[in-house]
Amino acid sequence: MNFRKNKSLFLFLLPGLILYSIFFIVPTINAVIYSFTDWDGLSPDFNVVGFDNYINIVTNDSIFLKAFVNNIKFMLFVLIFQTVFSLIFAMFLIKNTKTNIFLRALYFFPTILSSVSVAFIWTFIYDPSIGVLNTVLDSINLGFLKQSWLGNQDLAIFSVAVTQVWFHTGQMLIIFVAGLQAIPKDLYEVADMEGARKWDRFRFVTWPMIAPSATIVMAYTTIQSFKAFDLIFAMTRGGPNYSTEILATLIYSTAFRSFEFGYASAQSVIFMIVIALITVAQFRLLRASRVQE
Amino acid sequence: MKKWVCISTMALGTMLAGCVGGSGGGNESEEGGGGEGTISFIHWRGEDKAVFDELIAKFEEENPNIQVDMTIYPSEQYQSTAQTLLRDGSTGDVFTSFPGSQMEIINQAGLFEDLSGEEFLENYNDELITAGQIDDKQMAVPLQLVFNQPVYNAGLFEELGLEPADDWEGFLALCQELKDAGYTPIAFPGSDIGPGQFMNSMMMNNAPEEDIFERLMAGEAKLTDEWWVQTLSQFQELEERGFLNADSLGTNHTSAIAQLANEEAAMLASGSYAMAGVKEINPDIELGLLAPITTEAAEAEWEGINTTTFMLAVNANSEKKEAAKTFVEFLSDVDNASTYANETGQHVTVEDVEYESEELKSTSEWMDRNTRFQPRFLITNADIERAVIASIQSVVGGETPEAAAEEAQQIVDENLD
């Protein structure tokens, strides 16, 4: 498009660009600037501290490391189970029958709930004394599996991850269904003629063809996992003993409980870089499995 | 750089103010100061809304030139956003503060108007309002007085012939008898407020010096020292002997309140503020307060824990300071404080208040006992406070006291550097 010839068309981009700049670009640039200061978020003055905040995070902040490790555990669990479940459900629900459409809507339903509501529902499910989960386990003679789902430090992060998977699987299912429905049927016919088994059909036809959808699902799931602040905050507040602390909850705590905005900004910048690196790595890995267009 | 900060802060403040809404139209008065106009009153106690509505109506009747616009925030949100809201002075002409780290932060930002010398201060118990003083200036007046120590089922104790113990061995024996009688000795809300509340009475005699956390933050005391390791060991003993409810780290305060109210548990490890909630579920239950004495009886210096909180303050950036002070004065009046105390089921720091409920009457004796200001609130660094609390969760979760103390001290050291 020629800019000189279509100046008026670019005017239509302006409102969006202005809003995007105000609410995303400027705060991001501000965060980077503050990350080099010791600003407490309240005082009009602050000192420029250079790379001190970054050096402190890397060399002298055991909670940041703990939160990062928790985040990786959380992300891997959610990434694997959310992707697998949503793909399996999508393959079962690919045809547009009335039942399938109803089931897709049903699975999608948790996505429209607010995360705080989801947190309350699952906190109740996990309650050690009156919770549904332990009660059901008791009633089917599996009482030995009863756990303090959110109180056990080794288990809590995975319990919250299960909630996250339940929360968003339906959303990813819809993306996979769209991807699966776009695969030309003649590819399967050719595979059948070649004597391909079910696994071969999936491996050599389905997976390469839905790789673009998988890329979106996995990238989105990864970013969601790193940003699962509201769910974790409402369910455990990062406890017990930091066992469910992730980077997002830690940054909130640093900024709004300790009032170290400069330090929290540095944590946020590292957080952004981590998400960007993981997402780029995922795109590259999944690009390899895509069919040549 | 300053420009950016100002613009960002104003934008953030505006957005937050917009988000939280409120019950009125803000400060529409055209006249600043002089005890007129609409003042904004912000606090975190949603459970007090009804009584404040009643008191505000009475205040507006007595002071027709002043209107009060009350906005209540959830306490977690209040702790994180109040400071930002107060900055430009249009919100929170009268505000409340928690003691401890929030008070420290608000003070550092210069948002407290000095109330020293105000006549209404004479209505308060001198001793109990010291928590609102900084550098000998009365920056805020704590209205509420709570006792942060276990609540117990006094009727059950009487039925079993038990009495609160005066030493650690006695406390363990008491717990054992309750356990043998089929009760959970202590309902411990370990997933939320439990560790931060129970730690106070558990450590009060292990480290009787009131400046212990001040020394910790100055690097002169350590969590790996005897006082804290012993406290953690005693938590471990309670857990290992089955005196805390099962899965206590997954238990929240609401659930723990229900355990005491339903008479499954004999004690609740939170504080006097939970009594109203327990009575709401079980109006017939008789309640009392006790504190575990973790030493020999003769070594114990303290009998319990108090917190003077809900600290009323006037915003230093307010344009309606006179009107704001008039409202604080109104709340400090003995009749109005009595209304507040009796309708909320809380003790207050105002003197000569007549308590009506049995619970308030029976626990009033604690006002004359040798109680200590809640140690946790003397940790003014939020990261260190979290580390201290986390070490309790760690021990209750199975870690050794030494390792938990070591891990927490590492975080303390990181924050001191």
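For all residues, glycine too, the Cβ spot is worked out from N, Cα and C.
The domain 'ABC transmembrane type-1' feature in TrEMBL is assigned to A:68-282.
Sequence-distant contacts of the transmembrane segment (A:12-36) (same chain, at least 6 residues past either end, Cβ-Cβ under 8 Å): 48-51, 53-54, 261-262, 265-266, 268-269, 272. TrEMBL lists A:12-36 (among others) with the feature transmembrane segment.
Per TrEMBL, the feature transmembrane segment maps to A:74-94 (among others). Counting residues 6+ beyond its ends, the transmembrane segment (A:74-94) has Cβ neighbours under 8 Å at 100, 103-104, 107, 157-158, 160-162, 164-165, 168-173, 175-177, 179-181, 206, 210, 214, 217-218, 221-222, 224-226, 228, 246, 278 in the same chain.
Annotation source TrEMBL lists transmembrane segment at A:106-125 (among others).
Packing against the transmembrane segment (A:155-183) from elsewhere in the chain are residues 70, 73-74, 77-78, 81-83, 85-87, 89-91, 93-94, 104, 106-111, 113, 115, 118-119, 122, 126, 147-149, 205-206, 209-210, 212-214, 216-217, 220-221, 224-225, 228, 231-232, 235-236, 239-240, 243-244: each is 6 or more residues past its ends and has a CB under 8 Å from a CB in it. The transmembrane segment annotation in TrEMBL covers A:155-183 (among others).
The transmembrane segment feature in TrEMBL is assigned to A:204-223 (among others).
As annotated by TrEMBL, transmembrane segment applies to A:266-286 (among others). With a cut-off of 8 Å between Cβ atoms, the residues of this chain six or more beyond the transmembrane segment (A:266-286) that come close are 28, 31-32, 35-36, 53-54, 57, 64, 68, 75, 211, 214-215, 218-219, 222-223, 226, 247-248, 250-251, 254.
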